[in-house]
Amino acid sequence: MAAALPRTLGELQLYRILQKANLLSYFDAFIQQGGDDVQQLCEAGEEEFLEIMALVGMASKPLHVRRLQKALRDWVTNPGLFNQPLTSLPVSSIPIYKLPEGSPTWLGISCSSYERSSNAREPHLKIPKCAATTCVQSLGQGKSDVVGSLALQSVGESRLWQGHHATESEHSLSPADLGSPASPKESSEALDAAAALSVAECVERMAPTLPKSDLNEVKELLKTNKKLAKMIGHIFEMNDDDPHKEEEIRKYSAIYGRFDSKRKDGKHLTLHELTVNEAAAQLCVKDNALLTRRDELFALARQISREVTYKYTYRTTKSKCGERDELSPKRIKVEDGFPDFQDSVQTLFQQARAKSEELAALSSQQPEKVMAKQMEFLCNQAGYERLQHAERRLSAGLYRQSSEEHSPNGLTSDNSDGQGERPLNLRMPNLQNRQPHHFVVDGELSRLYPSEAKSHSSESLGILKDYPHSAFTLEKKVIKTEPEDSR
């Protein structure tokens, strides 16, 4: 699959390096992860570089990593190797977003007018070659040999091209300085104000916890160590109000890139190294005796650097992403198939909370429903039992009254005695005042039909008189027994 063409100057630089290393298959991965800054790859430490390799999927292929490292070294030492033009990529398609304020593209003036007024401007104002190439095309072919090919470096990245001819990296628009090499001190290696302020805050917090140094011990040490005394002895003799004292402290407190170190020319300090140097300088300003204890100074400076680098880079990245409305090429890429895990966790938490509330509501309603069901069952059971008990009592009472009135011996037992002999659940209170239903019906009929009352009542009484005799008269039968055996 062919890699996408670069659209910005940073992407073009990355494209050239990957093309040189035959690693164009990683171009899209670098762009997706915001890796269009080649300078970041060159200045990255070992851990940061390995992390970048893991992000683009190159960490598992060490041979590819070695080829990329070699291409980066060649890009720093010999940028002319990366000046091959892209035939399918027009120069006008590369936006210039790092031009200085005095450049003709920024000011909106023509190249010819800018050339006429260039003598009145800053003589060393420099712009990338892509802008210079456009200007040369409008001026004619007479000056086309001055500009070689498309530049790979912008003004902010010019420090990586020190010691090389300007035709290889960038051109000066001043006619007097065409072809002059870049100055080694073109960009000062120093932290910005925000990072320096963060270092100062950390030093202020740490200073009270440091042990106080004895000035007499420092003087004794300088007396015994003549070399050290010759180097930094004059700093202890300066007054605190001396404006040159801090400058001398910064000169001799530097951990990385000190004036007497054997650092390779062209290799610049990274952010970590600059932070360590700044922390060491501010610590020595607080306590000059730390100049004589570089091991302790280095440990303290590294501790401050770790804290400052993390906080400052996090704050800077967050502020830049918050202030920009347009899409940044260095923003963290979020895959479509992998949504943000925080949103997923929030959704799961809300679902779990809704489920817990629903279960709590069901648990609170469940006892009420169970009690209602139990009460309904008990009520129905009790009503059914009461109904059965009432029916049994009524039938027993009617049977007793009928048997007493129509007894064959004509004897009526006392109601109170009969009630006393019966169990409590079978006793019928006020049995004397209660009449069977058929007696009430007979009374009503006799009142309504007096002519037929006698015959009807006599028939009814005959039936009632015959019923008890047949129901309760027990005929005694003698059971014949066999004689006993005399044997």
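Using N, Cα and C of the backbone, Cβ positions are placed for all residues, glycine too.
What you are looking at is a predicted structure, and each value in this text was computed from that prediction instead of being measured.
If you look up Swiss-Prot, you'll see 409-418 marked as compositional bias 'Polar residues'.
The SUMO2 cross-link annotation in Swiss-Prot covers K126 (among others).
Taken from Swiss-Prot, the feature SUMO2 cross-link covers K129 (among others), and the record attributes it to a large-scale study or a structure entry.
Annotation comment: Swiss-Prot describes K143 (among others) as SUMO2 cross-link.
Annotation comment: Swiss-Prot describes K212 (among others) as SUMO2 cross-link, evidence class a large-scale study or a structure entry. Annotation note: K212 (SUMO2 cross-link) sits in a coil segment as assigned by DSSP. Shown in sequence order, the list is empty: the chain has no residue 6+ apart in sequence with a C-beta less than 8 angstroms from the C-beta of K212 (SUMO2 cross-link).
For K333 (among others), the entry in Swiss-Prot reads SUMO1 cross-link.
Among the features that Swiss-Prot reports, SUMO2 cross-link is placed at K333 (among others).
DSSP classifies K355 (SUMO2 cross-link) as helix under the three-state reduction. The SUMO2 cross-link feature in Swiss-Prot is assigned to K355 (among others); the stated evidence is a large-scale study or a structure entry.
K369 (SUMO2 cross-link): 10 other CB atoms within 10 A of its CB, across all protein chains. DSSP assigns K369 (SUMO2 cross-link) to a helical segment in the three-state reduction. The annotation SUMO2 cross-link is assigned in Swiss-Prot to K369 (among others).
The SUMO2 cross-link feature in Swiss-Prot is assigned to K373 (among others); the stated evidence is a large-scale study or a structure entry.
Per Swiss-Prot, SUMO2 cross-link is recorded for K454 (among others), and the stated evidence type is a large-scale study or a structure entry.
Under the heading SUMO2 cross-link, Swiss-Prot lists K465 (among others), citing a large-scale study or a structure entry as support.
Look at Swiss-Prot and you will find K477 (among others) tagged as SUMO2 cross-link, backed by a large-scale study or a structure entry.
The annotation SUMO1 cross-link is assigned in Swiss-Prot to K480 (among others) on the grounds of experimental evidence.
Swiss-Prot lists K480 (among others) with the feature SUMO2 cross-link, giving a large-scale study or a structure entry as the kind of evidence.
Sequence annotations record features per position, and here Swiss-Prot assigns phosphoserine to S172 (among others) based on similarity to another entry.
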K355 (SUMO2 cross-link) to K369 (SUMO2 cross-link) - Cα separation in whole Å: 20
For K355 (SUMO2 cross-link), the number of other Cβ atoms found within 10 Å of its own Cβ: 10
Local confidence of the region 'NCD1' (4-82) - pLDDT mean: 81
